[in-house]
Amino acid sequence: MSEIIHRSKTRPVRVGNITIGGNNEVVIQSMTTTKTHDVDATVAQIHRLEEAGCQIVRVACPDERAADAIAEIKKRINIPLVVDIHFDYRLALKAIENGADKIRINPGNIGKREKVEAVVKAAKERGVPIRIGVNAGSLEKRILDKYGYPTADGMVESALHHIRILEDLDFQDIIVSLKASDVRLAIEAYEKAARAFDYPLHLGITESGTLFAGTVKSAAGLGAILSKGIGNTVRVSLSADPVEEVKVARELLKAFGLAANAATLISCPTCGRIEIDLISIANEIEEYIAQIKAPIKVAVLGCAVNGPGEAREADIGIAGARGEGLLFRHGKIVRKVPEETMVEELKKEIDKLAEEYASKGKQK
């Protein structure tokens, strides 16, 4: 399968210790659901997100209590912190002063140009990038008056208008998002944006829904955009524990070969030929490999029909039979294992393979 081609002219923008854009990998983001002023709860959730693979985290900043909490939160986390600003530009100024690694502003509600200018000046002084967050649900009145309703052209026009304001102030540390809850609108907007400017694009389908429906909707929209080589960072928006957002984002990137050092599971859908408890085995292995930092493909297969063929495509795998399983490695049978020890034996082989990849990496 051919590799996805990324836009080579995307500008790199530094966010804390991570660079978005350029030739860098697509970065996974999420957003906390805690009250930001509750520092302990917010930090605890961010630590869970970090553990799940979140690389950049965003917090809401609806009031001064939240802005005042930024400094303490920053001290206690290890990943870059983005502060989300709506309506009151003064909160952006305070967040920047307190150590935010990036600011997200919505052009539709931040206010007059001079307020944006004040935020840009503060960000420039501290080397803090700004994400221009265009949202189909909150476009400026002049855009809606011109187009009649949210359109991809209107969203891109809004983004370009605010990009020019920042550029006029000699500010180029810009990241742009063009989010919509309508999947087709979002796809069109991101496609047009990718042709209109070379700033990094933050991908997202906003208000996508619950864990199940939102995952499907996000995968459809974000997958279509990523498949075109568009996008430098991604946030899957779900009405769920934000850790689930990170899990979905990781799987989505893995599906397109965009997640380095991540293990992938393939498992069969099961049928009447299955003689082992494949579903529980697959779930356990999926959870186990979530923390494996090696590009390993693991197969959990239920019978001899597709098992051997699929196993050849995997680095390591198991093909089940009645009461036992065949352990495969790089398409070759390693040994038979009884069903009761099948999972533990597979885990051992996964660990061995991960160690081999790690040692190869150290030797380079």
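Numbers here mean position along the shown chain, with the first residue as 1.
Cβ from N, Cα, C; glycine included.
Secondary structure from DSSP puts CYS303 ([4Fe-4S] cluster binding site) in coil. Under the heading [4Fe-4S] cluster binding site, Swiss-Prot lists CYS268, CYS271, CYS303, GLU310.
The Cβ of CYS271 has fewer other Cβ atoms within 10 Å than any other of the binding-site residues CYS268, CYS271, CYS303.
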